[in-house]
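Novice: What follows is a structure written as structure tokens; I'll ask about it next.
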Amino acid sequence: MLYRVSGFYKRHTRNFTNIDYGYYIRNFIHHIASKIYPYAKVVLPNFRAAHYFYILTLVILGSILVYPVKTCAYIDVLFFTAGASTQAGLNTVNVNDLSLYQQIVLYLLATLATPIFIHGSLLFVRLYYFERHFDNIKERSLMDYRMRKSATLARLGSAPTMSSTRLNTFNNQVLGFQEREAEKGSSSSPQSSSSQTSQPVSTAYNDQGGNDIEHHSEPSDSDDDESGNGPVTFQEKIHFEEPQRPRSQRRHSRTDSGIKFSALPHPRRRKSIDPEDMYRSINMLQEHKKNQEAKSKGIQFLNIGSPVRRKSRSSNIEAFPEEDTNPSRGDEITPATNSVGTGNNDEDEDDILIIKPPIEIENSDEANPIFTKKKKLASQIQFKETPGKAKKWITTKTRKHYNPWTSKLKKTLSNSSKKGSLSVVPTDTEDDSEDEEYASIDSETSDISDNEHAADNAEGSDVDSVGSYEEDEDEDEHNSDDDDDGEGERRLGNGASLTKAQSHLVLPSKDETGGKKYTKRSNTLDTPQQNTSDGRKIRKKAPKRKTPRTQRNASFNQHSNVSIGDGSIENVDTNDSYQRLSRTMSGNYLSWTPTVGRNSTFIKLTDEQKEELGGIEYRAVKLLIKIIVVYYVGFNIIPGVMLSIWIYCMPHYKNLMISSSISPAWWAFFTSQSSFNDLGLTLTSNSMMSFNQNAFVQILCSFLIVIGNTGFPILLRFIIWVMFKTARPLSLYKESLGFLLDHPRRCFTLLFPSVPTWWLFFILVVLNGFDLVIFCILDLHDDTFKGVDMGYRVLNGLFQAFCTRTVGFSVMDLSQLHAATQVSYLIMMYISVLPIAISVRRTNVYEEQSLGVYAKENAEGVDESAPSNYVGSHLRNQLSYDLWYICLGLFIICIAEGKRLKEQDLRFSIFAVLFEIVSAYGTVGMSMGYPGVDCSLSGEFNVISKLVIIAMMIRGRHRGLPYTIDRAIMLPNAAMKRHDRLQEEHAINRHNTMERTTTLGRVATFGNGPIDGGNNLLTRAITNIEHRLRNRRDGRSESSTVSEDPRYVVRTVSEV
């Protein structure tokens, strides 16, 4: 029995504790909202209408709660509640005359009506809508985060060892193949040499007398990790060649004639599919191809087939340079023949030009004038491989296509030996002096350290040429003359023009070979094809440049990031690209690189990407709610505690409060809340004049005034930035903070991007500084401040400048100040809301839609994205719109108070009335006052004038709101999707229009032509092109010489 009761209790307790109360609460809210929504949609069509409804509800409800005490007339109660609900702060009755209950109601009204509270409450509505209408958004967002974190950790963890891992993987693929080659009994390995025979690399050296030395060593993973070189065979398509030793050194090596090392046993790789058969088939195909030597008198060139023949080739063909065995031809261009299969078989299309660098020329016994430092004149050229440790690169027939004419060889084609990376930096200007100074061309494998990796020159010339012609040749004919990058020529003294073929290093792609296709980065010299039938020069058409003009680094030393998607593996990120991505996104909150337009407009998103973006936005909103709740509650409580401690420690001010029948603790909390919420009401009858010689109260209240309104977006972004910097890397917490920093206006109305935030901070400093300077110039030595120290006078001026923003405290009698100071305060109250209003509107994601500018693009081509255009537009709209209300209110009050104005009372003048109206419309609360009363000038108005002031308060409270559409206040429903789609289309059209305008401007000014806005564009473009071509012909003379090979024309270029 007890067992059954215990089980029943546990079962019901477990069910009770597992109840999702949030689910039932959301269902209840949804049930109520579904009943009200059809009617509310008609009454409240947009956010501005809803905001009006909320403020009016607080005003009426507050008056109903305050009036029953009957300490004042209802019009005064309505005036108080309107001032508390709009943060205007004007009073017609002394606040201390109200009861404690009435003061508490005003306290709560001001707390519930601040912009922080209202816009922060929208975050709860958006959060509810996310969880209600998106199934499992929390779980799906968490899964996306774990996926991104795992991928990032795998990428970062594998980056330091990526180089050795790749090499070991490639080397293991050919284990067990070397012994098959050794069984052939013939010297079928390519002719090459190695400077270090102790490395685990298979090498073969062929000297002049035909002495063959062949080394085969067993591969070792540890050796691969240390040196970066594995067992190299021609089946791997990885070729290394050491330049010939000087003849004096080669004579000593002839004693090793006939030495041959047999192959050591190699363990067979245990695989279901041995790649041996595939490489054997490739080898059999290659054995049937021969090389043909291109010979000419003094100068011989690489034998390159036509583009049509290259397209027809079905596989990559290896190229192994053969050393020149004729000492008498050391100063000539020696063709490099490719030995495949046997040493006698030559291929007819894979001759390679091997260029000898200056370092080897200086160390060798052979003299070659063209390689003399800073010399250019020579009649014969020696091309040779660079000495140094050979590194391993991987090739494929699937590669990215790059035009060999796009990069100008302005300086030597050499590696960057500082970072151990292979880089090509395209230049945009021609500099003939650099050509003369750097007349030598280095091989890609110059003297580099063990940490540096170089590309093999033996194969890239042919393979790159094949890939480069698979582009559409008719695509960019106009680029051959318009773009400076269209000329890839390199002048070698008076010799032939040479070009550099490029390719990218990429990771394997999944294809029919099972992911065994690779490309390498090669830098080879290619000669332009010439047409010898009619003696005319024909330049190859340049394919479109596919990459931006940035320095590309391809090296095994760099940290490579591998992403897996759609069954393929790509080299998506290097260390530099990851840094560029980090600059684009503050955190790793997306698994893809977004295309973001102006004001955080995401363009061209798939459904999966939209779901992931919605998940990160949901988590960002959830985190932002926590931050704002702590911010709002904390700054409402902590300053009150601080002031309470201070006033109880200051007997003078404590006795002052007690003598006025004010509780010191209540004064502390009411004053701190009035400062932070920009209410402007005080329990003391003279506002803040009692504390004009106390620095603590003025400084603390000034800080609260700023961070409660104008400075709130600044401090909020600063808090988020500090939290982001101190957050744990790759955490869910940091991802959300990064999204808030990058795309704040997608989540919150009062959180701006970095540049508008700095702009707001600058405006805040300038406006307050201006008020302080005016005060110090005109009123610092006024008799009103007799008995006040100079330091406190400056502090009073600074405090009063802060009060002109929104709060309306008075630390001095404003009616006694200089007239110019009063006018400056009037202007500052009028524009007090503009910094926030402009920041809200110019950072609105749907700003164009809200402004209604989607009809037609600007025909005049004005850049609407410029901040000055937005600021000017908003200022014109805001100021012109506000003046109508102010003038109308002044007109009505002048009619209602006509008799008082006729009395010519200096304290009840038109300027004083205008000052009161602007203070009410700007929701500031400053007043000129009236003698004999301890309230605002509004206390002297009649009922009609008070109603006008109430209307000014309510209307002015809505000046800082966005226009009808703002994504931060929209719910993620069909309407928001429609606006997103409209914004995306507009962003694309805008980009295309700007791109066309920029293109027309560039063509119109091509060749330093006049700017005419695109008129007579075609004639001017043709004229400028002809002018440029004529300058080229006038600036240089060219001569062509036909070589013995009919496919080559040697072109000699010399400057006139």
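Each Cβ is built from the backbone N, Cα and C atoms, and glycine gets one as well.
So Swiss-Prot says this about it:
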type	residues	note
COMPBIAS	236-245	compositional bias 'Basic and acidic residues'
COMPBIAS	335-344	compositional bias 'Polar residues'
COMPBIAS	521-533	compositional bias 'Polar residues'
COMPBIAS	537-549	compositional bias 'Basic residues'
COMPBIAS	553-563	compositional bias 'Polar residues'
INTRAMEM	74-90	intramembrane segment
INTRAMEM	666-682	intramembrane segment
INTRAMEM	794-810	intramembrane segment
INTRAMEM	910-928	intramembrane segment
REGION	180-276	region 'Disordered'
REGION	290-350	region 'Disordered'
REGION	404-571	region 'Disordered'
TOPO_DOM	1-46	topological domain 'Cytoplasmic'
TOPO_DOM	68-73	topological domain 'Extracellular'
TOPO_DOM	123-622	topological domain 'Cytoplasmic'
TOPO_DOM	647-665	topological domain 'Extracellular'
TOPO_DOM	683-693	topological domain 'Extracellular'
TOPO_DOM	711-754	topological domain 'Cytoplasmic'
TOPO_DOM	779-793	topological domain 'Extracellular'
TOPO_DOM	811-817	topological domain 'Extracellular'
TOPO_DOM	842-874	topological domain 'Cytoplasmic'
TOPO_DOM	897-909	topological domain 'Extracellular'
TOPO_DOM	929-942	topological domain 'Extracellular'
TOPO_DOM	966-1056	topological domain 'Cytoplasmic'
TRANSMEM	47-67	transmembrane segment
TRANSMEM	100-122	transmembrane segment
TRANSMEM	623-646	transmembrane segment
TRANSMEM	694-710	transmembrane segment
TRANSMEM	755-778	transmembrane segment
TRANSMEM	818-841	transmembrane segment
TRANSMEM	875-896	transmembrane segment
TRANSMEM	943-965	transmembrane segment
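Neighbours and distances for these, please.
Specialist: Residues 55, 58-60, 62-63, 66-67, 98, 102, 105-106, 109-110, 113-114, 674, 677-681, 709, 806-808, 916, 919-920, 923-925, 927, 936, 938, 943, 946-947, 949-950, 953-954, 956-957 of the same chain lie 6 or more positions beyond the ends of the intramembrane segment (74-90) yet place their CB under 8 Å from a CB of it.
Long-range Cβ contacts of the intramembrane segment (794-810) within its own chain (Cβ-Cβ under 8 Å, at least 6 residues beyond either end) map to 87-90, 674-675, 678-680, 682, 686-689, 692, 695, 698-699, 701-702, 705-706, 708-710, 767-769, 771-772, 775-776, 779-780, 785, 788, 825, 828-829, 832-833, 919, 922-927, 929.
In the topological domain 'Extracellular' (68-73), the DSSP tally of helix, strand and coil residues is 2 helix, 0 strand, 4 coil.
Per-residue pLDDT, averaged over the topological domain 'Extracellular' (647-665), rounds to 93.
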Novice: Please identify the stretch among 100-122, 623-646, 694-710, 875-896, 943-965 with the greatest number of Cβ pairs below 8 Å relative to the transmembrane segment (755-778).
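Specialist: Ranking 100-122, 623-646, 694-710, 875-896, 943-965 by Cβ pairs under 8 Å to the transmembrane segment (755-778) puts 694-710 first.
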Novice: When you look at the transmembrane segment (943-965) alongside the transmembrane segment (47-67), do they share 3+ Cβ pairs under 8 Å, ignoring any pair fewer than 6 residues apart in sequence?
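Specialist: The answer is yes, given that the two segments have at least 3 Cβ pairs within the 8 Å cut-off.
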Novice: Give the one range among 100-122, 875-896, 943-965 whose Cβ atoms make the most pairs under 8 Å with those of the transmembrane segment (623-646).
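Specialist: Result: 100-122.
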Novice: What does the DSSP secondary structure composition of the topological domain 'Extracellular' (811-817) look like, as residue counts for helix, strand and coil?
Specialist: 3 helix, 0 strand, 4 coil
